[in-house]
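The structure appears right after this line, and notes come after that.
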Amino acid sequence: MGPITANSSKCATEDQMILQTSLLLRINVIIMTIVAIITFILTYKALFILKIRPIFHSSTKILLYTSLLFVNVHAVIFMVIQNTALIRSFTLSDKPCEIMRTTLECRFQNHVLIFGIAGVNFNQFGLTVDRLLATIIPQSYSHMGALPGVILSVLVVACSIAAPLIIAIGDPYDDIVPNCFFFPEHSAPRANIFLVTLSTLVITSIFLNFIIIYANKKLEKGCRTRFYVTQRYQKREALISTRIISYIAASQFLGLTLYSTMVLTLRLHKSMIPISIYHNMVWWAYTVPFAAVSLPALLIYRINQVGSNRKRVINRITAKVETQEEHMKSLKELWA
């Protein structure tokens, strides 16, 4: 998302018309629509796997469901914005005074898009907090059931609703944009702060997840818990869950960082780039949909991987006669 300079009228300039009707824009819409459809399909599969595979604690499950909700809200609204732009690029290709949108017209769609972006990222941080609780207070966390996830999800939703409202404080909505994907000009400074905040949260999440993984590995190896099945199960559950959350955080960090870096670079060199090319590049620099689709994709992959590892070890245990030492080694691998 990036701001566009306001014009004195709603009519598009020659460069803006080139942007609105360009082949690159139309190809981008088609690709992003395919990504959105893949997101819907993978979400359905991820929900099914989450239901039948008891890998995560109920609190973590609540947060993962919330993440999938935000991912799909983002996919739906972005697909609507993109395809509206595609239709207008054909039907209004010879009407420069109708093809542009006012920021007031785009207000609702832009707010929902920001809500989706914020939710995906805020909830990732919520998942990290959930993993932190499972590591610091494992016994209490285990007895609280879904409560931590519910509380964190409510906070995430509230902050995500507040994000577009705060960004738009005092904005007169008196400029024009190519479509509802772009921030209003007067909101750009707060939008930049918003993007920096998201990047900071994702970096913090990755850092904390690595610490949590290390802590759980150390705790799992502790002699005092070696013969207590419940405690070892809690440590193993926390470790597996945190590893999966870390993979998701890393993919979202990559998507957001690519977006922020590329858009910042484009803004710094905006005066050197024709406006039609500049805004097309901003479209292509929007990598958030790829970060979003990685959530259900990685959930499916990692959960299936954990299940396959367990089945392989169990099959090896039951398929041959082992010495006591080999049997203990197999059991140790099963725990891993």
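Heads up, the Cβ atoms here are built off N, Cα and C, so glycines get one too.
The feature topological domain 'Extracellular' is assigned by Swiss-Prot to 1-28 (among others), with sequence analysis given as support.
Under 8 Å from some Cβ of the topological domain 'Cytoplasmic' (50-61) lie the Cβ atoms of residues 127, 130-131, 133-134, 141-142, 144-150, 237, 240-241, 244-245, 299, 303, 306-307, all in the same chain and six or more residues away from its ends. The topological domain 'Cytoplasmic' annotation in Swiss-Prot covers 50-61 (among others), and the record cites sequence analysis as its basis.
Residue counts for the topological domain 'Extracellular' (83-107) by DSSP state, with H, G and I taken as helix and E and B as strand, are 10 helix, 2 strand, 13 coil. If you look up Swiss-Prot, you'll see 83-107 (among others) marked as topological domain 'Extracellular', on the strength of sequence analysis.
With DSSP states grouped into helix (H, G, I), strand (E, B) and coil, the topological domain 'Cytoplasmic' (129-148) comes out at 17 helix, 0 strand, 3 coil. What Swiss-Prot records for 129-148 (among others) is topological domain 'Cytoplasmic', and it gives sequence analysis as the kind of evidence.
The annotation topological domain 'Extracellular' is assigned in Swiss-Prot to 170-192 (among others) on the grounds of sequence analysis.
Among the features that Swiss-Prot reports, topological domain 'Cytoplasmic' is placed at 214-243 (among others), with the record citing sequence analysis.
With a threshold of 8 Å between CB atoms, the same-chain residues lying at least 6 positions outside the topological domain 'Extracellular' (265-280) that come near it are 2, 4, 13, 15-16, 18-19, 22, 24-25, 28, 178. As annotated by Swiss-Prot, topological domain 'Extracellular' applies to 265-280 (among others).
The annotation topological domain 'Cytoplasmic' is assigned in Swiss-Prot to 302-336 (among others).
For 29-49 (among others), the entry in Swiss-Prot reads transmembrane segment, with the evidence type sequence analysis.
Swiss-Prot lists 62-82 (among others) with the feature transmembrane segment.
Marked as transmembrane segment by Swiss-Prot: 108-128 (among others).
The transmembrane segment annotation in Swiss-Prot covers 149-169 (among others), and the record cites sequence analysis as its basis.
The transmembrane segment feature in Swiss-Prot is assigned to 193-213 (among others). Using a Cβ-Cβ cut-off under 8 Å and counting only residues 6 or more beyond its ends in the same chain, the transmembrane segment (193-213) has close neighbours at 114, 117-118, 121-122, 124-125, 127-128, 131-132, 135, 163, 167, 238-239, 242-243, 245-246, 249-250, 252-253, 256-257, 259-260.
Residues 1-2, 55, 60, 67, 120-121, 124, 127-128, 131, 195-196, 198-199, 202-203, 205-206, 209-210, 213, 281-282, 285-288, 290-292, 294-295, 298-299, 302-303 of the same chain sit 6 or more residues outside the transmembrane segment (244-264) yet have a Cβ under 8 Å from a Cβ within it. According to Swiss-Prot, the feature transmembrane segment maps to 244-264 (among others), an assignment based on sequence analysis.
Residues 1-2, 24-25, 28, 32, 35-36, 38-39, 42-43, 45-46, 49-50, 64, 67-68, 71, 74-75, 78, 117, 120, 181-182, 244, 247-248, 251-252, 254-256, 258-259, 262-263, 266, 273 of the same chain, all 6+ positions outside the transmembrane segment (281-301), place their C-beta atoms under 8 angstroms from a C-beta of that stretch. For 281-301 (among others), the entry in Swiss-Prot reads transmembrane segment, with the evidence type sequence analysis.
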Distal contacts, the topological domain 'Extracellular' (83-107) - CB-CB under 8 A, six or more residues away: 7, 9-13, 16-17, 20-22, 25-26, 29-30, 33, 168, 171, 173-182, 184-185
Interface check, the transmembrane segment (149-169) with the transmembrane segment (62-82), three or more C-beta pairs under 8 A: yes
